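Enquirer: Pasting in a structure now, in structure tokens, and then I'll have a few things to ask.
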Amino acid sequence: WGLLLLAAALRATAAARCPAPCVCDNLRAHVLCLNGSLTAIPDTIPERTRELDLRGNSFMVIPARAFLATPYLTHLDLQRCKVERLEEGAFRGLGRLVYLNLASNGIVLLYQESLDGLSSLQQLILEGNRIEEIQPGAFGHLGSLTVLDLRANALVYLPDMVFQGLQVLRWLRLSHNALHVLGTEAFAALPALRRLSLDHNELQALPGEALARLDGATWLDLGHNPITYVAEEALAMASLRHLFLDHASLQDVAPDAFAHSPQLRILDLRENQLQGLPPLAGVGGLVRVSLDGNPLLCSCLLRPFHKWLARARVQAEGACAAPPTLRGRSLDSLRSPEMRCSRLRSSPNPTALPEQPRAAGSRQCPQGCVCSPDFHHGSCENRNLQEIPRGFPEDTRLLDLRRNPFRTVPADAFPGLKGLVSLHLQRCSIRVLQPGALRGLESLVYLYLTDNHLSSLAAAAFEGAPQLAYLDLEHNAFTRVPAGTFRLLPNLISLHLQHNAIGELAEGDLAGARGLRWLYLAGNAIRHIAPAALAPTKMLEKLQLEGNHLTEVPTAALWGLPALSELKLSRNPIKHIGDSAFLPVASSLQHLYLDNMGLEWISPHAFTGLGPKIRSLYLESNKMSNIPDMSNFTGLEILNLQDVPFHCDCQLLPLRRWINKLNLRVGATCGSPAEAKGLKVKLSTTFQTCPGWGQGKPGETNPNKTKAASKSSKKKRSGKSPAKGFSKSRA
């Protein structure tokens, strides 16, 4: 009876505190403040409220510690509240919250600390905001999250490790954004992910490398993306069972496109531009393939696929669009003798696929090639062609000429292809692009020349291709950047020169590349970068120099790059970093990679100018025993100090105290003295003999003390409790 009376008294007290615009259900511990005029979070909500519904108010900003008065909340709904900003620590204190809905607001950016304190959160709904950027580490505190909904935002790019910390996430929803670039490690930190929604974006190619990190994912939706072609071995997802590529722009699928996804059961290819499919290799478990809404040509070209369906016992959904005698017939009702090719001419090339029949008014597809004139795709891949064929339909948008021994691309090699957007010339043994080779390709945006034998390029080779934005020259034979080549490419955004033999960057090498944003030079032999070498690239955002032969930070060359946000110097033999090494880019730099260099010493002033803008710093696998003061790096989201042999004596105490305050997994361990070797810096007892140890500094308690001793020590410190950073840290 006493407990019942106490409960009744608590309910009465709570009812008395219910804010005037709200309705409080004390029995269910549920408070509703719907569609009102609230501009601030009410501070008189009953303390033991579990569900709080604030939809339809006008908060604009959720300030720090806005919900400290309601620590028992498990469900919080903030839909349509005109929220534009989440201040750092906005939800701190809500350690019991499992559901948070922030849909249909105006949030633009997610910072690292915006979601701090939500250690029990399981569902986070951010649908229908204006999020353009997610800073890596923004979800680092959400270790219990299972569903993350980011649909209908304004995301264009996902950087590497953007979802770090979401160790138990099972469903990631990224539909209805504008994604067209995914970092290769974008999904690397999602070991439990089972379902990924990427439909209704702007992906032009299947992002196979990024998706390969998702070993456990079983469901992938890539529908409603402008993907035109699924290449060989494009998708390697070991557990994938359901794949949706419907309502895309698919014109062709390679026979072994899904060979490394052996668990695939359902393949949805509805509403594309496919005239047929080849027999699919490596998908022995496939149960159903959906082809409804494709212009299927049920001629002899489709016989191999039709026979494979029967042999593999795969159910196919779809109907013939041609020839007229079979129009409307379902695939499963066809018999092989009905699928004829009466008007197709044979090809003398024994490796060539049968040619498609010509559409009325279109030009003949070159011999040995396959064209879809109505759907803008041509392919002569791996046909042992000695010369670049001519005569493709004028409306061809994508031309795939990979793996042919052309050796030379002559002048005017692609006549009549004014609408060509993407040109694939990988692995063609090309040594020379003659002047005028690309003349007339006025719409060309993507040019792939990887794995050839190019050692030089003349600027005149790019005459007539002014829209070129992505140029991939990886794995060629360049010993220097082809100087002057870029004067005719005013729209060049991304330049790939990885894995060549470039020895230096000289002044003038990048002349004309004034719009360049991403420069990839990893895996070369660069020893020197001239002070003015990068001067023309004033819009440069990303500079990747890992795996070269640099022996010092190229500080002088970094002046005049006001937009540089990422600098990779990993795997260069840089042993020392001097004063103000990164000062030229201090105002813009966000991601700095200094790992695996054998680095032995960093000047105390090496990071002068760097501060809150730094989001990630990689220093792992080096040899220094101490690092400079980084206490002003308040925006850090990723800090990697693994495999660094720190000397855990009193000189390292400031670093130990700083690490102790970070809620990051940094991996710092002691390399010496002998009694501390192998211990985490945070747990080493060698600091306890240092002057000033234990005088109110956070976390400076003896980890070997018993709980009883710990309680006793709290009393001796005049009631001051130790800071929670040490006991909760994951570093």
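Glycine is no exception: its Cβ is also placed from the backbone N, Cα and C atoms.
TrEMBL annotations: computationally assigned, not manually curated.
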Enquirer: From the ranges 341-361, 362-382, 383-403, grab the one TrEMBL calls region 'Disordered'.
Expert: 341-361
Enquirer: Below 8 angstroms Cβ to Cβ, which residues of this chain, lying six or more residues outside the domain 'LRRNT' (17-51), approach it?
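Expert: 10-11, 57-60, 62-63, 66-67, 69-76.
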Enquirer: Based on DSSP, tally up the residues of the domain 'LRRNT' (17-51) by helix, strand and coil.
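Expert: For the domain 'LRRNT' (17-51), the helix, strand and coil counts are 0 helix, 7 strand, 28 coil.
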Enquirer: Just to be sure I understand, if DSSP states are collapsed into helix, strand and coil, how many residues of the domain 'LRRNT' (364-398) fall in each?
Expert: 3 helix, 7 strand, 25 coil
Enquirer: How many of the residues that make up the domain 'LRRCT' (645-691) does DSSP mark as helix, as strand and as coil?
Expert: 22 helix, 8 strand, 17 coil
Enquirer: Per DSSP, what is the residue count of the domain 'LRRCT' (294-342) in each of helix, strand and coil?
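Expert: Each residue of the domain 'LRRCT' (294-342) counted once, the result is 22 helix, 10 strand, 17 coil.
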